[in-house]
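Colleague: Right, I'll just put the structure down here and ask away after.
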Amino acid sequence: MSSVELLPALLVVVPILLATVPIALGLRYDRTGWSVTLATTVGLFAGTVYLATVVYGGSGTNQEVAVIHELGGFTAPMGIELVADTLSTMIALLVTGTALGVLAFTRVGGPRGNTFYSGYLLLVGGLLGLTMTGDVFNMFVFLEIVGLGSYALISSGRGPEAAVAALKYLIIGTVGASIYLIGVGFLFMATGSLNMLDLAATVPTLEGQNLQLARAAFAFIFVGFAIKVAQWPLHSWQPDAYQHAPDGVTPLIAALVSTVSAYALARLLFTVFGAEFIASTPYASEIIVTVGAVSVVAGSTLAVIQTDVKRMLAYSSVSQFGLIVAAYGLLTETALVGALIHLIGHGLMKAGLFIAVGIIAIGYGARTVDAYAGLAGERPFVAGSMAVLLIALVGIPPSIGFIGKWYIAVGAIEAQSWLVAGVIFLSTMLTLAYVARLLERMYFTPASALEAGHEDTATVGHAVTDGGTATVRGTRVTIGMLAIVIFVAALAVFLGFAGDAFFALLEPFVESADLEVSP
Amino acid sequence: MSETVVTDLRPLAAVLVSAIAVVFIVASYRYPNVREGWSVLAALAKFAIVASMLPGVMNGTVYKWSFAEATGLDFVAGVDFALRADPLGMLFALLASFLWIFTSFYAAGYMRGLDEHAQTRFFAAFAASLSTAVGIAFASNLVTIFIFYELLSLVTYPLVAHNEDSEARIAGRKYLTYTFFGGGVFLLAGTVLVYWLTSSASGTDTATLEFQAGGIELLTEAAAADPAIAQAAFYLLIAGFGVKAAVMPLHSWLADAMVAPTPVSGLLHAVAVVKSGAFGVARVYLDVFGLEFPTAYPLSVPVVGDVPLNIPVAILAAFTLTAASIIALRKDHLKRRLAYSTTAQLSYIVLGLSMLHPIGVLGALLHIPAHAFGKLTLFFCAGAIHVETHTDYVSEMAGIGKRMPLTMSAFTLGAASMAGIPLLAGFVSKFYLLIGAASGAEVAVYGLEATWLWIFAASLIVSGVLNIAYLWPVVYTAFFESEDRHDAKPVFEFPAGGERKSYGVLEGEADHDIASDGGSDDSTRKDRYAVNENPSDADVPFGPGSGAGSTAAGENPVAADHDDTDQDDHTDEHHDSEANEHHETDDEEHHDDHHHGGAPLGGWERRSPLTFAESTWLMLMPITVIVTGAVTLGIVPDYAVFLELADTIVAGVTGEGVL
Amino acid sequence: MIELLATRYAYLLMFVLLGIGLYMTIASQNLVKKLIGVNLFQTAIFLFFVAVAYVEVDGEPGGSPVVPATENPASSDLILASPLPHVIVLTAIVVGIALTAVGLALIVRIYSEYGTLREDTLREVRADE
């Protein structure tokens, strides 16, 4: 086994094992958590980058370039595989990169403490595992590890609200994962296998009763993931969780947890079940598309009426993931590429946006849309970066948001699914509705007009007074934090020119998904 | 006509030069002189770059820069991000970059004259707007033009919402909604449809969105296979560009956007932004679908029979240019009157293109610069009046010719050009438009029934008359009426023959109304002598909510707060100290658009045109230059480059020029 | 239908249990009971997996993989229940315990902050703040 093949396992195992270190060392030393976590995350990022050079450096089909690790030396289909193919490597890059950025933010922005870092590493390990696993049951385990990590991190928020939000998330999330587990049970009944590639080979051959079982499995799996990806009407855990999580945690959860879940859904839909299965199952494609399209509209509408910025962005996630799920249901190559690009782009943009929200809460004491008034004058850099990210989210070119939307739109037209195409085009307006509201507050509403709003937030004790001098928890805005946000904003624009490159990188995976070849 | 395509960095440089200037403008925010210096420098550089390509373009060379060639990557799969300077693009780019030079001087004068807030943002957004406008001009395919079209909407938003009060915010929201509906929804949908059509037609997975003089060939093939989709794409694209071209019923953002500072209304909302819509329509007709497409795949309408695709567009345009002119008659706010005039004039362009006759197209293309010169003059004059006297309403302008003789003379020339009086720019283009309509009617080609063309020709003439009807009163009142003895304005609102009184900005003057169609607001107006009453009694409308009712001014607490400031403004003639006053007493939400103007007590001061004392040279110089341009275009169109350029474009599309 | 119910009653019971668990999760106002509901829900799934693993050859039930099992008279193979679902269930139980622990910890925290375990009271308390 070459050293490259060991990498996928290391990427998963190392963070989970090291998650115990901050707590263990914490018994003696107070301040080791950050350095351990930083070292680990940097290592993970470096490992992923190396993995990416190997995977994208190779040529051939998705299977040929993939780096596969068989855990414990047990061969598939009995053993569990960790697979880094063209898609999962890209998601892994997003995970480790974002984790690194968010970690840098938490250095000063908080939360801190050894338990936080343990949860952090656990979450990152779980996410990487979820990304690379090649086994459907193993996926459940990682889903739950991710869940555990996020519940712990969300509840590390100061207020009691955080615990309530975390419990709500825990109950709904566990039910979601359990529903997925039922689906896995049905799939196992139908095929007798749990390995994804093995399943991919078996599912198309199913017939009769076993086919019915597989369809039942499909239904359960989709519903389970609809909860995890926060599709309307199963999204209710998400706004609470995002809003009440500490500022340092929200970017991580918002950017990664739902994203990786949506990735896992794509993996199951296109690798395990395959497009043909979905197309041949009555109403399957229609249901997926409808759920997605309804989420787009409902999520945006709910986002417009929110007063809390984090909550607004949370509903925005519901809507954006709706776009992605709808694109899955279209079953065309272009739409799938679009969905995957949007998945990555959305993760990136939301990470940047939530970090910006954190910075603003620390430095400006503003958490509601109203309190953002006059922000542009006071904090030009963070407001500017946030504006760029918001505009990218609307899908105004050149930005990563546009690339995703373009491919999804082309895919919808190719599928001749006019209704979805209409929703996708209208989603620009829907997104604009809440984005413009925030932009208008930041840039075109003088702060003085809404002074009262400020004092409210200040007394709640979240952060500081208007002057930005007094600090509550010793937190302050550092140059580094600003640099992260500015970097993310620049990246979101820069990647807007990389549409073709993304297409080329993802092509092996999309081809392996074997969709009806459409131009 | 043979085209030589040459790879050249200049199209990119022309776009980027003002984008880079944005950085410098923002960086030198502490030093206003340096900041405005960058603006002027960027404008000059941009014009120089564009102009340097002109000789080549006239000789059939096309300069092209392509992202794919530079980096090896497509922008999105199958679609390049490319800029190319072809004749049609040159027409627009040359116009926008030339006018920007003078607008940047004017803007400096205007913004300083009013001591506006957030000037850095203003100049930065202005430079960015020009960048994207030239991007639209040079875009070589539908995706590229879409990118710049969206960016243009985005960067002009700060200019519309500049005032940061609720009126400006509402106008900004409306602006964003309309333009993104046009760009993000219609245009994107149309682009995707064209992409899909061409990719399914080629059979080799290669889609093309590249503009091609005379229409994209693959699209023509594809249209044969699937006419319904092609028709949908056609209308989506026309609607997408039609929003910015303010074709009714998508026009109402334009009048509201007049809350922006006047240089914005002038260059952007009379030239760059709205013309980008008209320009886009031209691209769609000439370079995407081609002139044959609308007649080749007509709509089959019940009862009427087959209707070529261009007819509904032409009808809308003809309706718009008549209706907008009539609405303009009723507008008392000068800038709004000009805005409706713009709406009407843009429809000339759309109508000329929709007639599909080469001469009509030539007229339409020529009308792009002709209208730009004329309308920019008018806006500049309106802005100068505003800066100097805070007068915004036509009814308050009686006798203002004494105070601002040069400005009002320029206004007269601009108005004459709008109306199509010979020897001015507007005449030449309207002449060709009418010839196009008439000679089209002779031969009844291009799918138009002769009767339609006569109707269109008639609407052009009617609108010309209406132009005089709504612009002449301004000139008349400025020069031939006196402060204490003048007719009520707008003329249209009062009994025939006029009424010997006028009113100013009354409480809740509903020109700020969102509806702004000039209909519903009449009931709230009361007649009032603008001169004899103390002007500070009038209300300062704070957005449509607070001022819309019939609340008398004195009862409005907000207005009362500002009363003293207003009086300062009115008793103080010299704008310098006035601006200071304004600055000190008023640090938030107060905007000059809301100052009520009119003659000061005792009438307008008389200032000689020979001493140039009526305003600052920063404002007078641009007005003089632009109005000279309008005259030049009218007297010697052969020597002004635009006519030849327009002919080259027509030649590229139809195979031979018309001149 | 009757025959199906008679032979597959384990599945039926398991789905009844699943329903009870889900109902409890949704309908109960008490947070601890909600968590118990989630546990019940999960337990039903475990039972489902155990039922899936069951094999029967010619009326002869398969043995557990770890104890000596009957031999298939036809092929001389051992008749064994599938071991994979058992492994799954063992793993899932561990995961479930971890989740329950975290959930209970959160409930303890909520109780110490708000002094109530009932969701409706909690809603009122939070609305007052």
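For all residues, glycine too, the Cβ spot is worked out from N, Cα and C.
So TrEMBL lists these for the protein:
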- A:6-27: transmembrane segment (TRANSMEM)
- A:34-56: transmembrane segment (TRANSMEM)
- A:113-130: transmembrane segment (TRANSMEM)
- A:134-431: domain 'NADH:quinone oxidoreductase/Mrp antiporter transmembrane' (DOMAIN)
- A:136-154: transmembrane segment (TRANSMEM)
- A:166-191: transmembrane segment (TRANSMEM)
- A:211-230: transmembrane segment (TRANSMEM)
- A:251-275: transmembrane segment (TRANSMEM)
- A:321-345: transmembrane segment (TRANSMEM)
- A:351-369: transmembrane segment (TRANSMEM)
- A:381-403: transmembrane segment (TRANSMEM)
- A:415-436: transmembrane segment (TRANSMEM)
- A:482-506: transmembrane segment (TRANSMEM)
Colleague: Before we move on, state whether the transmembrane segment (A:113-130) and the transmembrane segment (A:415-436) share at least 3 Cβ pairs under 8 Å, counting only pairs 6 or more apart in sequence.
Modeller: no
Colleague: At least three Cβ pairs under 8 Å linking the transmembrane segment (A:321-345) and the transmembrane segment (A:136-154), pairs spaced 6 or more in sequence?
Modeller: no
Colleague: Counting only pairs 6 or more apart in sequence, are there at least 3 Cβ pairs under 8 Å between the transmembrane segment (A:482-506) and the transmembrane segment (A:166-191)?
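Modeller: Judged by the Cβ rule, the two regions do not touch, with the required three close pairs absent.
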Colleague: Mind checking which residues reach the transmembrane segment (A:166-191)? Cβ under 8 Å, same chain, six or more beyond either end.
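Modeller: Same-chain contacts beyond the flanks: 136-137, 139-140, 143-144, 147, 150-152, 154-155, 198-199, 202-203, 206, 210-211, 213-214, 216-228, 234, 236-238, 240-241, 244, 272.
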Colleague: In the same chain, which residue numbers or ranges, 6 or more beyond the ends of the transmembrane segment (A:211-230), come under 8 angstroms Cβ to Cβ?
Modeller: 143, 172-173, 175-187, 189-191, 203, 237-238, 258, 261-262, 264-265, 268, 273, 277-278, 281, 284, 287-288, 291, 317-318, 321, 324-325
